[in-house]
Amino acid sequence: MDTSAIRDSEPDTRAAPPPGDALAEDAEAESNTTELQLAAAEGDLGRVSALLSGGANPNDPASGYYGKTALQAASLAGHAPVVRRLLAAGAAVNAPGGNNGGRTALAMAAEGGHLEIVEILLRSGADVNRPASRYVGRTALQAAAQEGRREIVARLLDEGADMEAPPARYMGRTALQAAAAGQHVGVVEFLLARGARVNTPLTRYKGLTALQGAAEGGSLEIVEKLLAAGARVNAEGSYYGGLTALYAAAEAGHLKIVERLLAAGADADQSAGNKHWTPSQAAISRGHTKVAELLDAEFAAQLQG
């Protein structure tokens, strides 16, 4: 089989923005971070206090693609004294962030693993179920799960966080999907024990089921746990950029995961992705010849059997 055409024609879609979304800010907007936001990000409590006393607005909006309010910046960086000072000055605890995810201060503190700040924000009225924005958004629970913050995941669930909150439209993940894609075994175990749905439908654009994310990331241990919990081995990928679990593992060259998925009944000829390739073609395109040979042999066996 001539593999050069496969390699040369493979589309680079992994970083492609969703159609119709105007997300990129120009360079001028990207540089519009206020002095207060910078001081908060750096944890400079003295400077923050001086700026607030001089009339700085603690609620200046996030600017640009990665923008953060002062409270969000301090929360992500883990500066608890600055967080307290900003809240005392009237910082809006549930304000959205910039275009890239639009995450709240609570989601950013959860992402950063700062339990003390999570507690401060919850006491100050942070919405534990603030919906994820449509582009790479995460609820606080999803953000914590994605980064493997098990203690914060537990705290947010105890506070009433929705384990099955809808994921963002673009590259969204439920808490379990986020933990599995992030290869966080402990969080996956914890969420499954708390009743997380293993086959929650994926988001439309570049979504991943929990099993697909684990297979792509290379965690055989998580794959085993998800299969034991009833994960659908042949679940289809998302509408755009979607991969089956077998396709994802094959493309990434995870031979043992490919073997395990085949043993669990994965369809060796199920096409996926924007080019509608088989798992074998995906493996060939990445130079994983042993994986491709295994898949071709399995497909032949499936035809005969």
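Each residue, glycine too, has its Cβ placed from N, Cα and C.
Quick look at what TrEMBL annotates:
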{"type": "COMPBIAS", "residues": "1-13", "note": "compositional bias 'Basic and acidic residues'"}
{"type": "REGION", "residues": "1-29", "note": "region 'Disordered'"}
{"type": "REPEAT", "residues": "31-63", "note": "repeat 'ANK'"}
{"type": "REPEAT", "residues": "66-98", "note": "repeat 'ANK'"}
{"type": "REPEAT", "residues": "101-133", "note": "repeat 'ANK'"}
{"type": "REPEAT", "residues": "136-168", "note": "repeat 'ANK'"}
{"type": "REPEAT", "residues": "171-203", "note": "repeat 'ANK'"}
{"type": "REPEAT", "residues": "206-238", "note": "repeat 'ANK'"}
{"type": "REPEAT", "residues": "241-273", "note": "repeat 'ANK'"}
### Long-range Cβ neighbours of the repeat 'ANK' (206-238) (under 8 Å; 6 or more residues past either end)
167, 170-174, 176-183, 185, 188-189, 192, 198-200, 244-249, 251-252, 254, 256-257, 260-261, 264-267, 270, 272-273
#### Entry: Mean per-residue pLDDT computed across the repeat 'ANK' (101-133)
93
### Summary
In the same chain, residues at least 6 away from the ends of the repeat 'ANK' (101-133) whose Cβ sits under 8 Å of its Cβ atoms read 68-69, 71-72, 74-78, 80, 83-84, 87, 93-95, 139-144, 146-147, 149, 151-152, 155-156, 159-162, 165-168, 172
## Note on the structure
Counted with DSSP (H/G/I as helix, E/B as strand, rest coil), the repeat 'ANK' (136-168) has 16 helix, 0 strand, 17 coil
